[in-house]
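Undergrad: Please see the structure below; I have some questions.
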Amino acid sequence: MAFYIFFFGLVLSFSLSVVNVIASDHSPLQDFCVADTRSRVLVNGLACKDPKTVEAADFSFGGLHLEGNTSNPIGSSVTPVTVFQLPGLNTLGISLVRIDYAPSGVNPPHTHPRASEIITVLEGSLEVGFVTSSPENRHITKVLQKGDVFVFPIGLVHYQRNVGSGHAVAIVALSSQNPGVVIIASAVFGSKPSIANDILVKAFHVDKGVINYLHSIF
């Protein structure tokens, strides 16, 4: 009996270890693997630059102090620092984003398929929230002030909205070198080719005219 308990515990521990590995970027097998953005080799991530040619510039990025242009329909601007802007992030499983918000600006509902997210408010007041998976679809929301921190679990739909009277700024850390982003409205109504109208009519319980209009603006 003791053997079976030990064996079950061993299998469970191994299974949890596998889940943890699958749920995040692969761990590096060397000191660093600076992305070679010119390589034509297709891998899960980016191919490594020759370590002998690596320079300090491969590990640095400048410009997060610059305000983003929020003169757009949603009133926000995202400045990413992923592996595509900072090659030294390759295989490290982290990235960073600056988000600027005009008054009443939003970062619309979206998901990151490969990363959890933690947001820190640097200036202003932000309403933030995420929705749990079906069937509960529970909306968890909070208003954050300067210095407050909030976490969005991986894969869940989430958003931010500036509820202050002035400009707002946030810094976001993500648990992937390339977290990806799926903006819900753009994905559903702006896909190429389009999702069939009859599917969207049934999904959103609206008439075809509404769907046609939404297709036209995305």
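Heads up, the Cβ atoms here are built off N, Cα and C, so glycines get one too.
Straight out of TrEMBL:
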{"type": "BINDING", "residues": "Asn107, His112, Glu117", "note": "oxalate binding site"}
{"type": "BINDING", "residues": "His110, His112, Glu117, His158", "note": "Mn(2+) binding site"}
{"type": "DISULFID", "residues": "Cys33-Cys48", "note": "disulfide bond"}
{"type": "DOMAIN", "residues": "62-212", "note": "domain 'Cupin type-1'"}
{"type": "SIGNAL", "residues": "1-23", "note": "signal peptide"}
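So that I understand the layout, could you describe where these features sit and how close they are to other parts?
TA: Using a 10 Å radius centred on the Cβ of Asn107 (oxalate binding site) and all shown protein chains, the other Cβ atoms total 26.
In sequence order, Val151, Phe152, His158, Val172, Ala173, Leu174, Ser175, Pro179 constitute the residues six or more apart from Glu117 (oxalate binding site) in its chain with CB-CB distances below 8 Å.
Less than 8 angstroms from the CB of Cys48 (disulfide bond) sit Cys33, Val34, Ala35, Asp36, Asn90, each of them six or more residues away in the same chain.
Averaged across the domain 'Cupin type-1' (62-212), pLDDT in this predicted model comes to 97.
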Undergrad: How many other Cβ atoms sit within 10 Å of the Cβ of His158 (Mn(2+) binding site)?
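TA: There are 22 of them.
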Undergrad: Given the binding-site residues His110, His112, and counting only Cβ atoms in the protein chains shown, which has the most within 10 Å of its Cβ?
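TA: When each Cβ's neighbours within 10 Å are tallied, His112 leads.
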